[in-house]
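Participant: The following block contains the structure, expressed as structure tokens.
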6 protein chains.
Amino acid sequence: MARLTHLDDQGAARMVDVGAKAETARSAVAEGRIRMSAEALEALMSGSGPKGDALAAARIAGIMAAKRTGELIPLCHPLGLESVTVEFSRESHAISVTAKASLTGKTGVEMEAMTAASVALLTLYDMGKAIDRGMVIEGVRLIEKTGGKSGIWTAPD
Amino acid sequence: MARLTHLDDQGAARMVDVGAKAETARSAVAEGRIRMSAEALEALMSGSGPKGDALAAARIAGIMAAKRTGELIPLCHPLGLESVTVEFSRESHAISVTAKASLTGKTGVEMEAMTAASVALLTLYDMGKAIDRGMVIEGVRLIEKTGGKSGIWTAPD
Amino acid sequence: MARLTHLDDQGAARMVDVGAKAETARSAVAEGRIRMSAEALEALMSGSGPKGDALAAARIAGIMAAKRTGELIPLCHPLGLESVTVEFSRESHAISVTAKASLTGKTGVEMEAMTAASVALLTLYDMGKAIDRGMVIEGVRLIEKTGGKSGIWTAPD
Amino acid sequence: MARLTHLDDQGAARMVDVGAKAETARSAVAEGRIRMSAEALEALMSGSGPKGDALAAARIAGIMAAKRTGELIPLCHPLGLESVTVEFSRESHAISVTAKASLTGKTGVEMEAMTAASVALLTLYDMGKAIDRGMVIEGVRLIEKTGGKSGIWTAPD
Amino acid sequence: MARLTHLDDQGAARMVDVGAKAETARSAVAEGRIRMSAEALEALMSGSGPKGDALAAARIAGIMAAKRTGELIPLCHPLGLESVTVEFSRESHAISVTAKASLTGKTGVEMEAMTAASVALLTLYDMGKAIDRGMVIEGVRLIEKTGGKSGIWTAPD
Amino acid sequence: MARLTHLDDQGAARMVDVGAKAETARSAVAEGRIRMSAEALEALMSGSGPKGDALAAARIAGIMAAKRTGELIPLCHPLGLESVTVEFSRESHAISVTAKASLTGKTGVEMEAMTAASVALLTLYDMGKAIDRGMVIEGVRLIEKTGGKSGIWTAPD
């Protein structure tokens, strides 16, 4: 059976030793979406761009969270990210997010991209919840990663 | 059209003034799920309980993140949480999480419960990603809230 | 000679005991300004509102820093802020900032307002520094405070 | 017109990609000053050195804040600082601060030096505010930077 | 057999619900000691008071850590401390520390005092380690607590 | 007399410049112990492994604290740790902890190992304190370090 690399032989959690891995250029892209009522969607989109800071707040929250991934996720390595971007796009009943992160280092940045996407979506929830408490975050997943021993990986479909 | 309370008349983000609100007992429950391959599910469940720290790590990450919600979500008030719990349950192709938070205060703890659930799921992703990079976080949403002017709210369905 | 309340009789730093103070509604307003070249000013203002996130990023940075004042300033009490706002206005060769904070508590929020103003200005410096490295932050000061034993205070002039 | 590098073509904030930049030795020096009454100045200087921790607290606050610059300033890269110093000097109606930071890396440490200076000055404000609430922080600016593509830069006095 | 209150019936970690507890004045005192060579002791004591910031740095580190106890200790409640003090005293082959914390709240501040003492001692280790790597931290324990349902407790001995 | 490297000629605290040091593989091992009553020991050990998260919570707290050492200890450099492990073992009246940390870098990881051990022990105190408030943390010390100019160092047993 597959074993979790984050646990040692006795099952104890550990931060895996990446000291012997090579420093390579690495990147990761994650996406997700928050489904909401037409009214909440309209308010969040109108509260952005010329009219307000709504998407800007969520974007910045995502970028800042990416930098703190190592503090939030217990067994993640602290990383010196070299870039982070967070983009939103309007869907018919949702706002979707795409987060990208990259660095030159010994371990990948999947968690940084996943964390940026999640916190950006949580921030949208926070801003819209007075209008629609029933918003749902869904489809948060890795889309692509590059670098490291395993090279390029792309999500099926 | 509905307006975002987190933005002022010019659309500028702000931390809304809750000074005049009453201190009441408040609670919130959020849930979510991470869908994964049978192999990843088996590894995560086996790496828990008698054999290891996998679910414990995710539970503790969720609890600790709930306490830092005000640092992550730009317009959230910093809150003195009085309780947080994070529970997992095994589904056929997923692990689901239920997070509860409560306090006596002037503003609700929905974001704390949502953040606990999200970070717990991200931690499961981190631990399982070497086995299944395609895991998907879905259905992160508020299930119930109590307290405050609006009283009890329960998710439809 | 006046003595510093933050030091004890031996001169040792301490977090002053506010346990016996009354909980009252307290607020503080701080202001400051960053002086810059016409080119940097134009770029920062154009990169805001309809065209971009520049001021939004600085505003959110200020709000988030206010919440972490107790982590940054060694002898400050950790406080549960009830509101924070950060506003900018364009001057002829500068952008000025006004930050307000409030809470119901045993100690004042001057440092929270001062920290919000300072970090908002530092963020503007960060965004504009590729255009004008010589920008200068000046006039960061308290404008007004209310609440507590000393009541209302307003800056002279 | 000059464009902000921190914004993309649509004006969205981003953490600029420094992956392709060379690792070089980089340093930055920032300065600033807090103007105050004779009484506050006397108290802060007397509460230091043989008599107390006042300047030490501000110095340590500045050093610690420099290390957290990437958490405070939204679009700053997290950096592994190799040195930080914070020095004060007494002026006739003010205390001035000089902060230096350095590292070997892909991006500069201007913001780290600026943040160290600002937080050191905020800490002096905090300690002196019971004596003089009207203290003013001014002249926070970059004095010098070395390293990177642009080489040495010195503030036009 | 005694059961851990921090675990539920299934053994899952949780942040215990203190919502129903009364707000009372609470305090705690912890102590500890770091044993070291005569040379390290002399250097640390000489690098303090008139000559330097050594003890001041450790004192401030302890005070700042107390405020972040809820971030460090997974199941601790985040608390709004009302006072913290950290004092050192020279022993024949050691420096001892006494940390006190207090607040008016629903749960005790033992962990805040214990954390302040521990981090102050770790900081002394950090500063002295170039002289004596073999320094040992010992006797970190609670001396007294007041407030709450259990009232006053004093360490035996 | 030996001088503290963390202080400059005037005794001012500083983060020592490590820019000129070589990047080498470095590791450190620290240990410590918490002495407690038979009842507390039994509860903590029973609340672990198959029955609960007690030791897992302490292990994770130690690992997470190691990553934040640079935030807690004022003059420590922020480091990109490459591995951290925390192990417990049952003694007759105590639980002992061994923490290991490593990285490839310009400065050692002694403080990271010492901090991991201390925070893991504080977490055990937190979980056991309702049963035995008199638990004592002792023997926190460095056991071994490798790498850097000074090479291998082992504690004189």
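Note: Cβ is positioned from N, Cα and C throughout, glycine not excepted.
In case it helps, TrEMBL gives these features for our protein:
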type     : residues                                      : note
ACT_SITE : B:Asp126                                      : active site
BINDING  : B:Leu75, B:Cys76, B:His77, B:Met111, B:Glu112 : substrate binding site
DOMAIN   : B:15-148                                      : domain 'Molybdopterin cofactor biosynthesis C (MoaC)'
Participant: Report, as a single number, how many Cβ atoms besides its own are within 10 Å of the Cβ of B:Glu112 (substrate binding site).
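Facilitator: Taking every protein chain into account, the count is 29.
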Participant: What is the Cβ neighbour count of B:Met111 (substrate binding site) at a 10 Å cut-off, with all protein chains included?
Facilitator: 27
Participant: Does DSSP put B:Glu112 (substrate binding site) in a helix, in a strand, or in coil?
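Facilitator: Where B:Glu112 (substrate binding site) sits, the three-state DSSP reduction gives helix.
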Participant: Would you kindly give the Cα-Cα distance separating B:Asp126 (active site) and B:Met111 (substrate binding site), rounded to the nearest Å?
Facilitator: 22
Participant: Are there any residues at least 6 positions away along the chain from B:His77 (substrate binding site) with a Cβ closer than 8 Å to its Cβ? List them or say none.
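Facilitator: Those within reach of B:His77 (substrate binding site), by Cβ under 8 Å and sequence separation of 6 or more, are B:Met15, B:Val18, B:Gly70, B:Lys106, B:Thr107.
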Participant: Fill in the CA-CA distance, B:Cys76 (substrate binding site) to B:Asp126 (active site), as an integer in Å.
Facilitator: 26
Participant: Looking only at C-alpha atoms, tell me how far B:Leu75 (substrate binding site) is from the residue listed as 'active site', rounded to the nearest Å.
Facilitator: 27
Participant: DSSP helix, strand and coil counts for the domain 'Molybdopterin cofactor biosynthesis C (MoaC)' (B:15-148)?
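Facilitator: With helix first, then strand, then coil, the domain 'Molybdopterin cofactor biosynthesis C (MoaC)' (B:15-148) has 49 helix, 44 strand, 41 coil.
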Participant: Over the residue list B:Leu75, B:Cys76, B:His77, B:Met111, B:Glu112, recorded for substrate, what is the maximum interresidue Cα distance in Å?
Facilitator: 13
Participant: Do me a favour and check the Cα-Cα span between the residue listed as 'active site' and B:Glu112 (substrate binding site); whole Å is fine.
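Facilitator: Rounded to a whole number, the Cα-Cα distance is 21 Å.
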Participant: Recorded positions B:Leu75, B:His77, B:Asp126: which sit with Cβ under 8 Å of a chain C Cβ?
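Facilitator: Cβ contacts with chain C under 8 Å: B:Leu75, B:His77.
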Participant: So if the criterion is CB under 8 Å to a CB of chain A, which of the recorded positions B:Leu75, B:Cys76, B:Met111, B:Glu112, B:Asp126 qualify?
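Facilitator: Listed in sequence order, the recorded positions near chain A are B:Leu75, B:Cys76, B:Met111, B:Asp126.
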